[in-house]
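J.: Submitted below is the structure of interest, expressed as structure tokens.
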Amino acid sequence: MAATVRRQRPRRLLCWALVAVLLADLLALSDTLAVMSVDLGSESMKVAIVKPGVPMEIVLNKESRRKTPVTVTLKENERFLGDSAAGMAIKNPKATLRYFQHLLGKQADNPHVALYRSRFPEHELIVDPQRQTVRFQISPQLQFSPEEVLGMVLNYSRSLAEDFAEQPIKDAVITVPAFFNQAERRAVLQAARMAGLKVLQLINDNTATALSYGVFRRKDINSTAQNVMFYDMGSGSTVCTIVTYQTVKTKEAGMQPQLQIRGVGFDRTLGGLEMELRLREHLAKLFNEQRKGQKAKDVRENPRAMAKLLREANRLKTVLSANADHMAQIEGLMDDVDFKAKVTRVEFEELCADLFDRVPGPVQQALQSAEMSLDQIEQVILVGGATRVPKVQEVLLKAVGKEELGKNINADEAAAMGAVYQAAALSKAFKVKPFVVRDAVIYPILVEFTREVEEEPGLRSLKHNKRVLFSRMGPYPQRKVITFNRYSHDFNFHINYGDLGFLGPEDLRVFGSQNLTTVKLKGVGESFKKYPDYESKGIKAHFNLDESGVLSLDRVESVFETLVEDSPEEESTLTKLGNTISSLFGGGTSSDAKENGTDAVQEEEESPAEGSKDEPAEQGELKEEAEPPAEETSQPPPSEPKGDAAREGEKPDEKESGDKPEAQKPNEKGQAGPEGAAPAPEEDKKPKPARKQKMVEEIGVELAVLDLPDLPEDELARSVQKLEELTLRDLEKQEREKAANSLEAFIFETQDKLYQPEYQEVSTEEQREEISGKLSATSTWLEDEGFGATTVMLKDKLAELRKLCQGLFFRVEERRKWPERLSALDNLLNHSSIFLKGARLIPEMDQVFTEVEMTTLEKVINDTWAWKNATLAEQAKLPATEKPVLLSKDIEAKMMALDREVQYLLNKAKFTKPRPRPKDKNGTRAEPPLNASAGDQEEKVIPPAGQTEEAKPILEPDKEETGTEPADSEPLELGGPGAGPEQEEQSAGQKRPSKNDEL
């Protein structure tokens, strides 16, 4: 027994330790349950959150607006973000950065960089010598990359979300344009890393919009495919997307709605910003014409004036969307000269005529990539702020040939809502209704490599090969494996973009490098030397195009295989037990597939032999993993494996699902079948087949990024530190401003209070003069030296003033509380006295309170009355300017003491059982009164209210209870006058108590 106890103690300690760890994890998880999304537009961003109790809500910024400008102002000692930075664009346009997302992932010679310089000449862009990208130079000491500026914006968006959610947030889904390539997507991920955000996914903004549309129309989606076109014209670009909605059967959740991106078309520079720039140029021309002959400078040479004109152009574009003409006016545009000019919608449309001609372009691209016609499109829905321009809607309606354009979606917030729904689905803290999302690859990716071939005996040459890895408009996320079968030494291969013929010449120049990565493999020859007796199954490279659309090379392996013959005696008991357990939890995978870490290899289909003449060139060495993504929908059963895979006789379906248990498969070891029956005699006579053993050797990989090198880790660490220092400086600035505002507010409020009657009654003239003089001195100091004062100095000044005014404020506050507190005390004393008087009137036989308890209550009541009268009398003698002796906290203490005594007696009366009356000498109780009715004599005992147990009637000693059930098994019913007929009949059937039974 002692040994058993000793064994149980460690187990109990271990259990408690596990419980503590789980509770700690739950508490930590509850602190970070909220997730957020950032719809990152060119001009503004929308932030949404999901947290327990708050489903999918748009975050309001500090100005209570639902969208925030993507603007940053950087100065030597301060930084502004959002609306504050937008206001600084007029005062300091050089330090105010906008539309910097157009520079992400671009090198200095990119046409987009030159376009940015022409649009915003006030910004100084310098070349980063390490990456050949550009940096903003505010001053020689202030230089920031576009990724760093974007990191500031993302960090600001998180602070807005955390203030709104009232809890920390670290997980986010960020929207990016669908046309972003690999370099641009990696730049956004690096910016999020600088901001300390964990990116759950980079979701395309068109996909997020389509998801938001589908989530709120889930009931309208059925097995019939519905094709919807979304035309999104924002500030910086235009994207047209064709989406197919229908319900599909999934492995995890059965029939669920799905959206599939079928076609995408885009124009990188067509948007509201270009329209505003055209209007700005028109207004600048009008202003110069108005000042012609005054020998004035060109307004285009004044950055502040151009910033004012751009703001007015933005307003004009909005107003002209609803009005035929409008008057543009700016006070003090330049050199204190006001500007005023009339602009009509016709003039605006003439300025942007070539832009409106480009509106149908993305529609045609989307239809072409989807291989659809306009007749197959059921609805065209407008998204984005620039689609509110009437001419855009007119041209688009003519291009699509529909009766009307759909406007049944929030054009500004749809992407943010769809992204936050995806964030909740990806987070482990929420459970949402499944909605399958199948995004599409915009730019195809292929693998290129060179190998030696022998065309003629003795004549060898190099052959260049291309294999498509991810095809255009193919779904992602997706994993692919490519097998190189004819290499036994180290070699290189290249990852590049595929055919980009669908892009125009200008788009190709903006796209940048079409070469992604060069992969150098090391250790291939050593792996062949390590397994000389094994047959090579090729060099397998595993690729992953993740949910964010970012390509990565997971690993490269050299796979070998041989035939091994095992006798039944070679398998030990432990091995059999291990195989059995593995089959139970792993879906019945055979033991030979578990050796040397070959699980992932066994789950993949073998690719056909390299260079097969009877197959297309693109498929000679490419294969896709058999294991689909988690949200992959059910597909038709795969075709019969060929080549080596067919010889293995494996069944990929069984290995994927793991639904077929080990016992249901043919037993290869000659053991009993699932019912325990002996194997068939024919099987016993067959020789045991040899099993295949696979060996996997990891191959070293050296990557050379060709499109745009990522920031080195040391540079990234410096950028993170730079942003943290800026954030800390902003927090210190906010703390200082808060302290200064508190000090200034205290001075003004106290100066006003000194003239109020209730403050003058409790203070002398000398006291008020002392306080007033100190307040005036502090106010003067704040005006003269407050700008250079630190946060500590401001807080010390405030603490000094509060200490000086503490006595005055205390006296006023106490006098405000006296009437309410004294009235409550009087009521409690009166009720307590009445309660005590009633308690003393209770007959001695029924008394539940002892004399000591009642005496104690009486003493407390008397002491409280005496304290109140004495304190009031003493307070009346004191002048109002002195510290009062009647304190509100003392009154509350007296009330609590008295209430505690009363509550004790009330609870005792509530739960005390009545005592039985004493019996007479002959063993009977006193006769009932003569005026008592027969019904009263026959009345049975009813338990008192609040009593937990039912009272039992007292029986005579010589009588016994009849019946098989206890006397208190049923509630007692009232018999006699006043009882119902049913109660009378029930009472008559029971034994009537004698006189001695009555209480």
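If you go along the chain as it appears here, the first residue is 1 and each next one adds 1.
Glycine residues also receive a Cβ, built from the backbone N, Cα and C atoms like all the rest.
From Swiss-Prot, here are the annotated features:
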- 574-583: compositional bias 'Polar residues' (COMPBIAS)
- 611-626: compositional bias 'Basic and acidic residues' (COMPBIAS)
- 641-668: compositional bias 'Basic and acidic residues' (COMPBIAS)
- 669-680: compositional bias 'Low complexity' (COMPBIAS)
- 949-962: compositional bias 'Basic and acidic residues' (COMPBIAS)
- N155: N-linked glycosylation site (CARBOHYD)
- N222: N-linked glycosylation site (CARBOHYD)
- N515: N-linked glycosylation site (CARBOHYD)
- N596: N-linked glycosylation site (CARBOHYD)
- N830: N-linked glycosylation site (CARBOHYD)
- N862: N-linked glycosylation site (CARBOHYD)
- N869: N-linked glycosylation site (CARBOHYD)
- N922: N-linked glycosylation site (CARBOHYD)
- N931: N-linked glycosylation site (CARBOHYD)
- S567: phosphoserine (MOD_RES)
- K883: N6-acetyllysine (MOD_RES)
- 567-694: region 'Disordered' (REGION)
- 909-999: region 'Disordered' (REGION)
- 996-999: motif 'Prevents secretion from ER' (MOTIF)
- 1-32: signal peptide (SIGNAL)
J.: Hey, of the glycosylation sites listed (N155, N222, N830, N862, N869), which one tops the CB count within 10 A?
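T.: Highest number of other Cβ atoms within 10 Å: N155.
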J.: Hey, how far is N222 (N-linked glycosylation site) from N155 (N-linked glycosylation site), Cα to Cα, in Å?
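T.: Per the Cα atoms, N222 (N-linked glycosylation site) and N155 (N-linked glycosylation site) stand 41 Å apart.
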J.: Tell me, how many other CB atoms lie within 10 A of the CB of the residue listed as 'N6-acetyllysine', whichever protein chain they belong to?
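T.: Taking every protein chain into account, the count is 11.
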J.: With N155 (N-linked glycosylation site) as the reference Cα, tell me which of the recorded positions N830, N862, N869, K883 is the closest one.
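T.: Closest by Cα distance to N155 (N-linked glycosylation site) among the recorded positions N830, N862, N869, K883: K883.
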J.: Any idea what the model's mean pLDDT is for the motif 'Prevents secretion from ER' (996-999)?
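T.: Averaging the confidence scores along the motif 'Prevents secretion from ER' (996-999) gives 33.
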J.: For a quick check of packing: other C-beta atoms within 10 Å of the C-beta of N515 (N-linked glycosylation site), how many?
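T.: So the number of other Cβ atoms within 10 Å of N515 (N-linked glycosylation site) is 15.
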J.: Here's one to test understanding: among the recorded positions N515, N830, K883, whose C-alpha is closest in space to the C-alpha of N862 (N-linked glycosylation site)?
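T.: Going through N515, N830, K883 one by one, the closest to N862 (N-linked glycosylation site) is N830.
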J.: Just to verify a number: CA distance, N515 (N-linked glycosylation site) to N869 (N-linked glycosylation site), in angstrom, no decimals.
T.: 94
J.: Please report how many Å separate the Cα atom of N869 (N-linked glycosylation site) from that of N830 (N-linked glycosylation site), as a whole number.
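T.: Here the two Cα atoms are 15 Å apart.
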J.: Reported as an integer number of Å, what is the Cα distance between N830 (N-linked glycosylation site) and K883 (N6-acetyllysine)?
T.: 29
